[in-house]
Every structure is written in C-alpha cells, then in structure tokens.
Amino acid sequence: MISLSLVLLLLFGVRCFDSAGQINDDSPLFISTSIDNSMNLKILVEKKPYFTGSVTGYKLYYTNDSSQTNEEYEKWMHQEALSNQNSYNFVIDANKHEIVSGDVYRVRATVFFNNVESVPTGVISINTRQSIPKAPLIVNTKILYNSSVLISFVPADDVNAIENYTLMYKQMEAEEWKSLNFKSDFDGKVLLDGLIPNHTYEIKIFVTGGIVQGTPSNLATFTTNSTALALVKTEPDEEYTADPQTNEPLSITCTVKSVSKASVLWKVNGIKVSVDSSFYTVVTSVHEDFIESTIRAKSRTRSAKFTCLATNDAGDSSKEVNVIIKGPGSPPSEITLVAEKRGYTISWKPPSHPNGKITKYVVYHTLNREDPLSDWRKIDLDGSEKMVRIIMDTEESFYGRVQAATELGPGIISDIVAMERDTQPISVESDLFGVSATTMVVNPRETLSIQCTARGKPRPSISVAISDRKNASQVEVDVWSRLQATSSAGIVSAVHNFSVLTSKFVHCRAKNSAGSNYSTMELKVDKPGDAPTQIQVLSVNALDALVVWHSPQFPNSPITSYIVLVSNDDKEDKSTWLQYESNAKETQINRMLLPTGNLEKSTEYFVCVRAKNAAGIGPTSSLISFITLNGGPDSPPDNLKVLINEANQVIVYWNTPNSTTEVTGYLIYYTRDLSLSNDDYKNWQFVEMNNNSTRYKFDLSVGLKPKTFYRVRISGKNSHADGPASEVVEFETAYSEVPIPTDLKTEVLDDNTIHIKFNAVRDPDDHSKALGEYRIDLAATDDVLHALWKQIEPKSIKIDEISSMVDVEIDGDSVEKNQMYWVKVTARLDNPSWGMHSSKPRWFRTGHGKLMTSVTLEGAPLIEKEPNLFEELSVTCTGMGSPAPIITWEWMNKSIENGTEGWNILNIQIDDTTVVSKITRNNIRESGDLTCLANNNEGSSSASVEIRVLGPGNPPENIILTAYRNQINVTWQESTLPNGDIMKYIVYYSENENDDLSDWNKFETAELETYVETFGPHTKHFIRVQAVSDRGPGIISNVLSCISDVLYETIHLEIVASNILDFEAEPNQNVEIRCKGTGKPQPELFYQFANETEQNFVEVETNDMDLFEAKAPEINSRRNVTVTCRASNKYENVTISKVIIIKRPGEAPTNISWSFEEEYDSTLYINWNPIENANGEKLEYNLYLSNYKTKVSGPPVKIPDIPLDVNISLRVSAENEYGEGEKTFPIWIPTPNGGPKTAPILSSLHAQDSKVYIFWVEPRLPNGEIQNYTIYIQKENESENEEHSIDKEWKKFIYGSNITHVIIGVDDGLEENERYQMKMTATNQRHEGPETKVYTFDLISFDENDVIDNFTAIVINSTVFVEVGNPIYTKYNIYIREDGNNQTVKHEIDVESGKTTFEFPFQLDHTLSYTIKMSGMKLGRESPPSEEIDLEFISSPSPTPIISGSRRKVIKEPPL
C-alpha cells in the first residue's frame, strides 16, 4: 500500500491516509484512482487475496465538502454496486458532479462479504489539477577538465522546449541529494560545476515550477576527471609567417592522441569552420592510436588564428597556430580609372584582407601594356590616400595597377585597369544545365554544372564564386576561382561543377583590363541539406527502443518531422526498410520510441535517420546498430523476501517484474553449494511455477536440508525466453517442519455452511503421506486473546489428492447467525511424541442463513438477429429468493416501462420463492444489453443478455437529392442505430418506382455522399439508400424521387486576335479580340484587359453548331497586356487568358535634356528618362546626332569632340533584341562658340578726379588663351521708363591680354557730373566670352559755388519757413540742432526747380534756441553743407506758405 500511495501521489496528486494520518491496513480492499481527460474520476477497488468470503457487493463513499470529517464518511455521497467479482470500477461523472480543475475529492470504499459490510479503506484525496509532466531523458554527460560536467538531455513530449528544471545530484556513496535549479534552452544542455575530482556521481532531472513536480528522468552516472585530456600537436607549431600568395594554398595539420574516444574540429578566429565554407576545407582521418585533421585554406592571403579543438571524456583541449601574412592578401578594391582632360584619375578602396594597417599605396602606370612591371612608372602614396591624378597629354591607351602595403610588406598587386581605344564592353551570362534563370531550386549535394559565357575586348577571363552574398562585387577576392576557358567566334566560355548544402548565390565574373561584369544566379535549397548526426540507441526493451539524434546543421526550412529507418540487413535497399515518422521538436536533440514488438528476437538491427521539411526529405544519416532482446521478460522480479512461517516452512515472496512483455511463469533457483557463484545460477537447483501467484512455499517435497544456508533468486519467463534473475537472498532453514496447518481460508455460504480450506499436513514420520484427520475449534468472539474455544465436529473432511488441499465442511446449524468467529485447526497425529500444534487463528463472520436472491436468463448470453421491423424479440427471466423477488428490466442501464418503445412485460409467480418474467419487443433494430433485476428485502441480483443486431437498425437519415449537371447528387447522414461500425452504403436507383428492387441499378460507397448518372435531362429518378455495418446490411430507406436538370456540356473557351499573328503586336497597335467557345447551358460572356474592370459582352453570336462568339473593343498597349475571357453559367465559371506580346520598345524616351561640359565645350552631356516599357531583356538606346548614329546602354551619355558654333539635331530611340522603337521628335542644339566659359572677374571699380579706375583678373575658365579684354561704358538712363540702349551706344575700350587694370577719364570721352554703366568681356583665340554684370559709377564733383550760402529760416507756431536766395537744387537736406546738444534732426525736402521758398511742419520748444544748416542733392550725391545759422521764432502768423513734402529723421553728429 505504501508504494501504491506514492505512485498515486506522484501521478495524480493523490494521498491515502486514515483519520490518524496512517495508512489503514485493516481494510480487505486495495483502492486506486485515476482521472481521464474529461475530469471523470475512476476508482478501482480490489479484494485483497488473503481475505476470504463470498463477495456480494461494493460501496464507494466520496465528498468534496471540506467541512465533513473522515469519520463522518457514512454521511458522504455514495455509490453501491452488487457484484460477486473480486474487483469493481466506480466512476464519478464530471458533468453530473460539475467537477472542474482544482477540486479536491476524498474517497473511501467498503466490500460486502455475504451482504455484511467490511471496515472502510483509508481516505484517498484526489486533486483534479493537471497531471504530472513526463520525464526528460538524459542523453549524454560530457566531463570537463575542471571537474565540471556538461549534461545533454531531451525534454518530454508534453513540455515546452524552454522550461524550468531541477537537477538532482549526489555522490554514489552519499545519502543526501543536492539540487540545481535552471531554465532550459533549445540546445537542451546544462553545466554542473563545483564537483570533487575523481568521484563518481549520479544525476536525475525533472520539471519544476508548476503545480505538480515532474517525473524524474533516468539516472545517469559519471566520474569526474577519470580521463586525461587529449594531446594536441600542430604542424606548423605555434606561428607561421609567409608572403601573400593567391595561387598557393595554406595547410595546417593537427595530430590528436587520446586514451578515450575523441572528436576534432577547427576554429578560425574563434568561429567554427562550416562544412560549406567556400574558403576553408577540413579533412579528418581516424587511425588506430591517433587522429589526424588538416585544414586547408584556398590561398595564402589571410592572417588568422587557427585553433585545433579536441574533445574527449575529460573535456576540451586545443592548440593554436597564429598565421601571419606579411602584407595585404588582396589588392585594393573597387579600382576605377577615369579619363579627364590632360590626364587620368585612379581611385580605389582599401583591400578586403589588409592583414594589418595599410601604410602606403603604390600606383603603377604605363602607356604600353607589354612593358614589364619594372618599367612601369610608379607613384608612392600615403596609406590614407584613396585616389591619384596623373597629368598626361596623350590620348593613347593608358594602363594602371594599384598595390597596398603594410609595415610587414607589400600585398597582392591588382589586375590591370585600362583605358583603350579598341575595346568592347564586357557582357557575361550564366546557365545551369542549359537553363538561364535568376533563381533555381536545387537539391542538396546534387552535382551542378554552371556554364559562364562572356564577350568583350580584350578577351576577358572567367572566374566563379559561390557565396552567401548577393552582390557579386562584395564577394571577397580570394573566394573567386579562375576557370579554364575556351574561346570561339569572340565568345569565351567555361564550365564549373559543384554542389551546395544550403541556399547560395553563384556568381560568374568576366574581367579584362577595361573592367569587369557579373552574372548572378540564386540557388535555393529547400530540402534539408545534411543528415541528422550523433545517432544513438539509448535503451532497448521488448516494446520499443529509444533512439536520439541531433538536428541537421542545414535544415534550410523548418524541420517538420524525422523518418527513422530500420532493417536487419544493412546491404538492403533503403526503400525496403521499415520506416517510422516522428514530429520534429525545436530542440537540438530529438528522440523517438522505435517499436520493436514486431522485430525478430536477439537480432542486430541497423538504424538511420532522415530529416523532412515542407520541401521534401533530406539525406540519410550514418548507420548505428542495436540488438533486440530475446523476448523474455525484460526486467527481474524485485523486492524478493524469504520468511519462515509457523510450520517452519520457507516461503518466498516477490513483486511482479516491471516488464513490457508477458510473464507466464517463474523459475526459482536455489542452492546450498558454495562453489557455485551467483552468476552461475543457471546451474542451481530450480522449481517452476505459473504466474498466478507471487509466493512460493518450499514444502517437504522440495527437500531442503534442515539448518542449512541457502541462496535463492527468481527470474520470470514466457514462451520466448527466460528473463533476468532477481538479486540474491540468503536464508537458513529450521531444524525441522512442525505439523501445523497453514494458509487457512474460510468461506461462508448463503445457508451458513462453512468451508475451511488449507494445505494438508504431511505425516512427520512419512512425508509421502498426507494427514486426513483434523480437530476444528471455534470461538464466537471478537477478542481472540480471551476466546473460549469449542471443538466442532465437521460435517465432512475432503482431501484433493492432486493439490493436497483439505476442505473441511461445517454444518450451518451448528453456528450462530450474523456472528463473528475465530477458527483454529489442529492435525491429529498417530505419533504423540510430535505433540499437538494448532494453526494461527483465522476470523470469519456468519451470515443470516437465508436463501440469496438470484436470477437466471433462459438461453445463451448472446442473441444475434438480423435487423427487422416486423420480427418480435423475446427473453425469459426466472428470479428466486426468500421471499420471491420483484423482477424489473433495464435496457442499456435505463429502466423499461411496460408498453413503451415497443416493450411488453409479463410476470408470472410460480411459488413463494420463484417468479418468471417474459419481455418482448415488436421489432429488432437496436443492439444493447438487456438486464433482468430481482429485488427483495434480503438483497438483489441481476443477469444480462447481449442483443446483437446484425446490421444498422434504421436507414441513413436526412437523405437529400439534388439535380446537378448530368447527375443527381445524393447526400445523407449516418444511421443513428449503426449496430457496429458502418463499413459502406448501397445506393439503389431506377427510372421505374414499381420495378422489383432486384432490377434496380445499384453501387456501393464508403462516403456520406455520392452521385447517380442521369438517364437523361428532365427525367424522374427514384433512389433508395441502405447502410451496411461490419455485422451486415441494415434497414433500407424509403423511395425518394428527383427530376434531373438540363443537359450539361463542359465549357470550352478560346481567345482569337483577328489582325495579328501569334498574339504579337506592335506598340500602340489596335488589336481586335474575339472570345468564342462551346458549352451548355449557354454561358454569359465577359472580357477584361489587364487590371481594368471586367465588362460583359453586349452581343453574343451563336450558330447551329452551338458555337458562341463575341467581339471585344479594340485594345492597344505599349507593353504586354493580358486579355481575359470568362464564361459563366449555373454550373461553371471558366476563365482563360492570353497575353498580347509587345516585343519592340513601347515608346520613345522622354524628358530629354542636354548640357556641355563646363570646362571643355566640345563635350556634350545628354540625359533622358528611361522608357517604362522595355519589352525585352537587352535594352539599348540609339542616338541620332545630325548625320551621326551611335548605340548606348542608357542615360546619361557623354559625347566628346562636338563641333563648335553650329546647330546640331538630336533624336533618341530605344532598341531591344526584337527591334527599334519610336524615335523622339528632333531637338536642335546650338553648340558653344569656343570663347571663354566665364567673364573676367572685376576686382576693383572706383571714380576719382573725373576718372574711373578699373581692376580685374583673368576669367576662371578661359577655355584657351585670352587675346584681349573689352570694356563697355554708357551713360545711365535718367528715366525709369526709358528702354535700355542698344549696343552701338556703348563705348568700347579694347585692351590686350596682358592688361589687368585701366584708367578712363574725360580725355577718353567721359563727361563730368554724369553717371555711367559699365561691363566687360574677355576674348580668346576663338570667340568673345560672356559679359560681366553691369556696374555703375559717376564723375560728379562739388566746388564752392555748390555750397548754399544765402538762406533764412524762421519758425511760426509749428512750421519752419525757409527762403533760399539762389536755388540750384530740387532736393534739400535740412539739419536742425538744439544748442548745447549734438543730436540733429534731418529733413529731406523736394521742391520745384527754381523755387526760393518752402516750409515744413516741425514741433519745437519755443523756450530753447536752435540752429539750422542746409545741403543740396545732385545726381544722388549730397553737396557740402552750409554754415549753421540761428533759427528765429516769430509768434505772429504769416501769410499762408507753400507746403512741400518733408521727410524728417534724427541723425547723430559728432560735437563741434
């Protein structure tokens, strides 16, 4: 009971206890519980085998009310069952009791012996919380050198990959476990450190953190630091130094010696080398006493730290080799050469493999490609430089190369970049197996062949690279492999064979001195690229073998499942192997229970694994083998015990083996021979027994020696083989057996007749003879210690000669009813010297002594009938009891009421103890159990008969007929009375309802729907359906009818273009489209152009051949356009599409712009918007420049050597591989005149003493040699409305190119007191250049006559009146200042010419004194001011003055 309670506690959160908290061993019942997925509680009660008496029923008490105590169990809810079996299953229904997760139920149970209830079991608590998580699986323990261990495990199927775990560990000899809590990852690994060196530990893992602790994993053991680390040596040893070299590989060899199994891997700069690396390859060979692994670099171009890592049971050991490349391993990248006026510019970027800090760059250049490099000119530059300009006047070919260097040395020199006259642009194409595409799907490890084809001049070389990078220009230089190429008719081609494990980009590169070009193809690998690794078979039993493996390194898309293949012949084709599929996990390690039940016993089997994803199945792993078991029990009996009973007999007890195979019997091995070892138990003496008991008594027939030490062990067996033996138990026999009856069992019959059974006692003087006389003593008491024994004469004593079992019968009248008795038995011996020895007392309880209620059914327990709506079912039941019982009937556990559902019951009482009941039913349609129940005051009894109907009891339901096309669809639902498993349906159909059913057409189907081919359109059809189960055919349905629909013919549709061939049209050409076809009923027609809204045809023509046709509006397009026709009727919706192919370019280029190079007039730049509809793969553009035509790849375009000072016409068209497209309208372009590009730069302009001084510098872009400068001067117009003067009014002053400043004055024709405008130009040997902007200057001057010296000023009220004696100005500036203050107020006055007086308003303080002065304005310049005079205040008014405009502002003057 203790072990059972522990199991229940672990599995279901269940505990078993009595009111005192102890397990109740007095109950005659075992009790166990379980919970199904629907939360139903299932309770199994079993009578303990050593309790005797007739079982008459069971009772289950249960409650979820925590307020009720365990002692009040009789007030709990309960279920009672009548049964004479030794076990019974109770079910507490979850729906009825509304059981939910988290409920806690307590249960107890009792058994009825002879209708007397026993003491209850202990209390079991059932918590309906979640079930316990399954156990993880420890796969591997990797011992590390620092007394730590890396543990790999696989999580159970019912937990997530990321979960909380507890790791329990202890030393083997220790009692106490230690724990480590951790959270798992997808790799399923955990590190346990802090262990003691050279000690053996055992570990287990289980899920924690939830409501219920998980099931512990398998135990794993390991010993820390029991193995030495592997010895690792490398060649070269620690450092390797070499010059960079692209055509020589680099190899490093690692030799590993280990006392245990070891594995080797390489790392470069700390990163593990992948098997699909495009630069590194690793070759490893395993020898008898060492492992040799070599890593090979494709070229000697990369400095790196190489690490050889060896792993064995002791941990990891490694050796590093530092590879130093003395200089950059690749040339500078992205080198470009640009031709400019008077030279070339070379630019570059740093090398991809600098192998240190770049300290300088060396640029080589020459005009003769064939010169040796030593004759090329050389330019040394700092490491920070990224370009250089080389001045050179020649227009011949130019060649350059660039090299980088570090402080360790120079690097790889670049290929030649060139600017040559006779070159042809490079084009390159690639195809795989003759197919050219941007993306192709390939299989992993498939041998692929790519052909690279190139054109160009000079002849290009061809290289190939397989990389993860999509951009070919970004692929590392040393990854490219140059191919052996062949040339024919200007076409260079090369072929490269390779394979890939995962998706890659394969690049073809064509390269010559003029540049390079690339062709790229993406290779998509969808299937798994490699096989699962590290296959292991961890355990094997009779049912299954546990296989674990690691996921593939290159899954390429999520792994959905794994396929495990098994065979006992590793040479057999894999297609014939047994295959088992298991779902994939997200973890690194996966597992599967491989069924072994059908495999041959004791046979070696081979296992391999394949990964599978959505794209297909990957390659097969390496093989691993295991040997199946012999078929016998796969575990030994446990808990073996040896006891000596009261008769000094040896009794052996054990537990049944926990075996996955059947145990049919046991072999009990025993010996007293000390020369035979425990492992040699097969040579011990043994006895055999069957599997109906786990107890064996060594009686005198075995012949054990008295007072002797024996060893015993037990193994299970079955028809295949013997199982492993148990542990060895030693025992010592007694001096002799005592003649005492043992193993008493009692049985009380209904009339209180008592049977006492036990093994016969052997005559101690003659062991071959069994004693036949016994004395029986009874005591009617509950207290055996104070019992008053009374000898009873038995009614009879019988001995079974075969089994030596004694059966003593005692008359029921000699005992009291309903009384507890104790019994003991004593053998009567002929030899009194042995004495009188009684058995152990045994208790039993008598019954009431009355006739038990019982029922019997006439006939067999199974009645089989074919379904019939008109045949009657009849069953007769006889009930007996005291008094005569009342008989009722149940159908499928539900009470039957007389006269309902076709049932009729007739009861006849024969006498006081017997009743006969006959039940009938008016049809035979339903299978089930029919039960007869008899009840009276003394008890109840029941008997059942199974009614098995041989076919469905009703026809399929909800039969629906639907006329559709040229058939009638028939659907239905399953019969509600299937009477077994429905296997098929029979469909009958006919044109004539009155035909005999045998004349109807019929067919069979397993589905719930089918169809019947019609006899013709608009025809009435009659249909019936019948279900057939695994027992036979059922009731056929009634007749249903349906009229078939109109005639149906499949729609066939096509699209025709009447004015073009093969659906190829010119750009913007009008195309006539017609849709036509056949089909019934006649469909409605629709058309659609590209993504426009679908339209229906207004007119549809038909002819006698049932052909329909419709014409769509004309369509034109500049690109490929899809034309769609759709025909739709009540049955079909058919759509077809065809593409009108536009091959030539769809339109002319637009938005054309042009410009000339700022520095060189003869270079023309043309740009335009690329066309939208190329309609081809190879698009070029035609330029028509007057009478000149050229092809270009696209805008912008640079055209040198354009003639100067002329008008040229420009037209542009697009052209693809199918032809030329539309040209643009002509554009007239005036070319530059060749003069300076910019005007002279005026540095100074000022006038003084009737002269103007002009300084300038040469134009920024003279566009040649300056010949002279021209200065233009004219008077500034006085009126704003006057038009600008014409060029002939400008005075020209021409000076030589060596003049940069001039002085122009009155002597040169300029006039004093005038304002002038000035501009200038420069002229080179070809033409005059652009003008500067227009500047202004004047030659105005003032003398003493220009100073105002005769004026007066007075103030009247708030107005100032001024009178000028000699007015020479029309604009005046008047300055008014307060005495003693330097702040002056300025007024600007405009007056008419010759006017002598004017006034302006001004607020002044009459208590203060003010002064006033004046100046005049001439041609925008102010004259010298007059002298200051006092401002006079007059209080009397004066005549009204003339008002003139005045502007006043405060100005700041310095003090006098």
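Residue positions begin at 1 at the first shown residue.
Just so you know, glycine gets a Cβ as well, placed from its N, Cα and C.
Worth saying up front: this structure is predicted, and the values here are computed from it rather than measured.
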Recorded disulfide partner - CYS308, candidates CYS254, CYS452, source Swiss-Prot: CYS254
DSSP-assigned states of the domain 'Fibronectin type-III 5' (636-736) in counts, ordered helix, strand, coil: 6 helix, 47 strand, 48 coil
ASN164 (N-linked glycosylation site) in three-state DSSP notation: strand
Local confidence of the domain 'Fibronectin type-III 5' (636-736) - pLDDT mean: 88
Least Cβ-crowded entry, counting other Cβ within 10 Å, from the glycosylation sites listed as ASN658, ASN969: ASN658
Chain-internal residues, separated by at least six, CB under 8 A from ASN517 (N-linked glycosylation site): PRO425, ILE426, SER427, VAL428, ALA454, GLY456, ARG509, ALA510, LYS511
Site of maximum Cβ density within 10 Å, from glycosylation sites ASN164, ASN1207: ASN164
Residues satisfying Cβ distance under 8 Å from ASN1120 (N-linked glycosylation site), sequence separation of at least 6: VAL1139, ILE1140, ILE1141, ILE1142, ASN1175
DSSP state at ASN1207 (N-linked glycosylation site), helix/strand/coil: strand
Site of maximum Cβ density within 10 Å, from glycosylation sites ASN198, ASN225, ASN893, ASN1357: ASN225
Candidate glycosylation sites ASN164, ASN198, ASN1268, ASN1357, pick with smallest Cα gap to ASN658 (N-linked glycosylation site): ASN164
Spatial neighbour of ASN1207 (N-linked glycosylation site) that is closest, considering only the glycosylation sites ASN198, ASN225, ASN969, ASN1268, ASN1357 and their CA atoms: ASN1268
In three-state DSSP terms, the structure that ASN198 (N-linked glycosylation site) belongs to: coil
